[in-house]
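**Student:** Below you will find the structure I want to go over with you.
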Amino acid sequence: MSGDRRNDSAEGSTSRSATTSTGNHQHQQQAAPLMSRYESQKRRDWNTFGQYLRNQAPPVALSQCNFNHVLDFLRYLDQFGKTKVHLHSCAFFGQPEPPAPCTCPLRQAWGSLDALIGRLRAAYEENGGSPETNPFGNGAIRVYLREIKECQAKARGIPYKKKKKKRNQIKATDETKASKQAA
């Protein structure tokens with residue numbers, strides 16, 4: 001009998017400690033919820049932009065930040081880019097898959113910059129900024145991104161077509177088919 005009691009008490013202490021550690025683990029997860037990949041990236045981008053402003057001479061307060069600071073930040077990021085953008089003078093300008101390497105600069109890809117601006121725009125408002133004064137939502141930023149997109153498309157020989165034109169062409173085709181069927 002004494003052997004049975006030892007097993008019972010050993011099992012009881014094991015199950016209690018397992019419950020306690022599981023309970024602590026659940027409590028830790030509730031206390032510090034895991035951020036999504038998007039939220040983590042948004043926080044990282046926001047911190048990077050804040051550091052960029054602090055490193056300016058003289059440092060720029062977030063309340064004094066405007067679209068020009070954002071444009072300068074985007075240009076600064078180009079030095080860390082991985083997308084080859086051929087210059088007009090390059091023999092491979094306009095070729096989607098050049099046959100040999102060249103000395104053209106690496107830049108940030110348009111899609112990366114567009115996503116970055118979206119995250120920073122959201123982070124600005126989450127950190128107390130008003131939508132009306134959001135420098136990331138300024139029209140100059142949209143124009144800059146559009147120019148980057150067009151420039152990179154030409155340099156790589158990839159034609160970008162506006163989606164609106166495609167939709168209108170589809171509607172026109174559908175209307176033409178419908179009128180032929182009705183006749």
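Note: Cβ is positioned from N, Cα and C throughout, glycine not excepted.
Below, the features straight out of TrEMBL:
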- 1-37: region 'Disordered' (REGION)
- 13-22: compositional bias 'Low complexity' (COMPBIAS)
- 37-164: domain 'ALOG' (DOMAIN)
- 158-183: region 'Disordered' (REGION)
- 159-169: compositional bias 'Basic residues' (COMPBIAS)
**Student:** For the domain 'ALOG' (37-164), DSSP counts of helix, strand and coil?
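**Tutor:** Each residue of the domain 'ALOG' (37-164) counted once, the result is 78 helix, 4 strand, 46 coil.
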**Student:** Restricting attention to the domain 'ALOG' (37-164), give the mean pLDDT.
**Tutor:** 90
